[in-house]
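Participant: As annotated by Swiss-Prot, active site, nucleophile applies to Cys59. Annotation source Swiss-Prot lists substrate binding site at Thr58, Cys59, Asn60, Arg61, Ser121, Glu126, Thr127, Gln128, Gln132. The NADP(+) binding site annotation in Swiss-Prot covers Gly203, Leu204, Gly205, Glu206, Met207, Ala208. Under the heading site 'Important for activity', Swiss-Prot lists His111, citing sequence analysis as support.
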Amino acid sequence: MELETHLSKYFTLAFTHKSMSLEMREKLAINSSTTLKEFLQTIKTHCPNIKECMVLSTCNRFEIYASLKHGANTNEQKNALLKILAQNKKMSVSDLEKCVLMNTDESAVHHVFSVCSSLDSLVVGETQITGQMKNAYKFAFEEKFCSKDLTRLLHFAFKCAAKVRNLTGISKQGVSISSVAVKEALNIFEKERIKDKKALVIGLGEMAQLVIKHLLNKQFEVLILGRNAAKFEDFVKELEEPKKVSFQNIENLNAYINEYELLFCATSSPHFIVQNRMLKETIFRRFWFDLAVPRNIEKPVLDNIFLYSVDDLEPMVRENVENRQESRTKAYEIVGLATMEFYQWIQSLEVEPVIKDLRELARISAQKELQKALKKRYVPKEYESNIEKILHNAFNTFLHHPTIALKKNAQKEESDVLVGAIKNLFNLDKSTTCHAQNLNLYKCEYYEE
């Protein structure tokens with residue numbers, strides 16, 4: 001009988017800024033926890049061969065990470081997911097097919113590690129993506145759409161990302177979409193000789209907060225338009241120059257939209273926040289940065305408003321990529337090594353329970369025979385403790401070489417066959433040994449840096 005492998009079959013589907021237009025990414029974007037939960041539940045209901053699943057949705061990518069049941073056909077899972085996406089997002093399967101990138105097994109693991117390490121980002125080295133992945137994993141885990149398999153994968157991905165940051169310095173310049181946007185705004189400020197160094201920011205989410213911090217660092221005064229005054233108060237406590245930032249409810253947008261030359265918009269709204277009906281003619285030119293996906297700013301009809309989207313910033317990012325080529329090469333070497341180490345780690349996790357089961361089986365057998373001997377008075381009761389120690393040392397000595405051999409072979413491809421044979425020979429799958437203590441091996445500290 002063929003032995004079933006216990007190694008997880010990993011699978012990813014990715015739609016990114018490299019393969020899909022901003023217009024199409026807007027349709028795929030999920031900005032609500034309710035919508036995300038419904039989407040994951042749809043996958044769980046209609047894709048029985050998908051064991052675990054999570055979704056990463058950002059301004060530059062929409063990705064599905066999954067582990068599949070043994071024997072599942074990856075192309076069938078891909079087609080099923082594309083069909084669900086097409087129905088859910090009112091898109092055609094053929095359009096999605098043209099843009100999707102599928103990875104399985106080692107290439108899927110390598111892809112997840114690369115994304116988490118910011119090597120696949122529009123701005124290579126930006127650190128925001130790691131936090132976004134942690135949030136995506138946390139949500140899927142807490143809603144019970146993922147457990148052991150994806151926890152193992154993401155646990156290692158976060159370690160890999162930290163290693164890339166620490167060993168390559170790829171993130172030292174602190175470049176991100178928000179910083180690139182502010183840098184471009186600063187160039188515009190100087191070229192246009194704008195008199196007042198002030199900016200309007202709509203939103204108070206993660207992206208908006210990064211924009212605000214970069215603007216304050218460049219000595220701008222910032223007016224924030226948002227919905228949550230309490231959130232603003234908490235945010236202000238983090239700032240070095242809180243006096244340079246003020247807050248108004250977004251309901252007052254009409255009062256301020258025509259007063260600022262520089263505007264940044266980054267909210268999770270699925271609709272346009274800034275609409276043409278709000279606009280009035282001004283004597284000055286205006287430069288607006290829409291950093292949201294879906295976009296928050298309707299394409300302006302006035303000639304003196306210049307609008308930059310996330311994709312418009314790509315040419316400004318190329319210089320950053322070229323400057324970091326050496327760090328990027330080293331980072332990919334780390335990711336490649338981490339992918340190999342991940343599978344070695346996974347295989348060792350499969351071996352450890354077998355070793356513990358063997359030792360527990362030996363202990364139970366020795367204890368059983370000792371109790372028989374005591375009951376039949378083959379040995380005096382006062383010798384019980386010493387005999388237990390002798391038996392413990394004996395089965396430790398007996399299992400020493402098999403333990404070393406198992407750990408050594410855990411990193412080899414034949415590990416599954418060896419582990420399966422031992423389980424079959426010693427009937428370990430049917431033993432009463434409890435594996436609950438091993439659950440800590442799968443714990444993922446997603447909240448740690």
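Placed from the backbone N, Cα and C atoms, the Cβ positions cover glycine too.
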Participant: Measure from the Cα of Thr127 (substrate binding site) to the Cα of every one of the recorded positions His111, Met207, Ala208, then give the nearest.
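Facilitator: Closest candidate to Thr127 (substrate binding site), judged by Cα separation, is Met207.
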Participant: Taking Cα atoms as reference points, rank the recorded positions His111, Gly203, Leu204, Met207 by distance from Thr58 (substrate binding site) and give the first.
Facilitator: Met207
Participant: What Cα-Cα separation, expressed in whole Å, is found between Gly203 (NADP(+) binding site) and Gln132 (substrate binding site)?
Facilitator: 17
Participant: Using the residues the record lists for substrate (Thr58, Cys59, Asn60, Arg61, Ser121, Glu126, Thr127, Gln128, Gln132), what whole-number Å value is the largest Cα to Cα distance?
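Facilitator: Max Cα-Cα spread across the substrate binders: 15 Å.
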Participant: Given the substrate site residues Thr58, Cys59, Asn60, Arg61, Ser121, Glu126, Thr127, Gln128, Gln132, which other residues of that chain have a Cβ within 8 Å of the mean position of their Cβ atoms, reported in sequence order?
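Facilitator: After dropping the recorded site residues, what remains is Ser118, Leu122, Val123, Ile129, Ser176, Ile177.
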Participant: Please name which of the recorded positions listed here, Cys59, Asn60, Ser121, is nearest in space to Leu204 (NADP(+) binding site), Cα against Cα.
Facilitator: Cys59
Participant: According to DSSP, collapsed to three classes, what secondary structure does Met207 (NADP(+) binding site) have?
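Facilitator: Note: Met207 (NADP(+) binding site) is helical by DSSP.
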Participant: Quick one: give me the count of other CB atoms within 10 A of the CB of Thr58 (substrate binding site).
Facilitator: 23
Participant: Taking the Cβ of Ala208 (NADP(+) binding site) as the centre, count every other Cβ atom within 10 Å, in any protein chain shown.
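Facilitator: 24, counting other Cβ atoms within 10 Å of Ala208 (NADP(+) binding site).
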Participant: How would DSSP class His111 (site 'Important for activity') in three states?
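Facilitator: For His111 (site 'Important for activity') - judged by DSSP and reduced to three states - the answer is helix.
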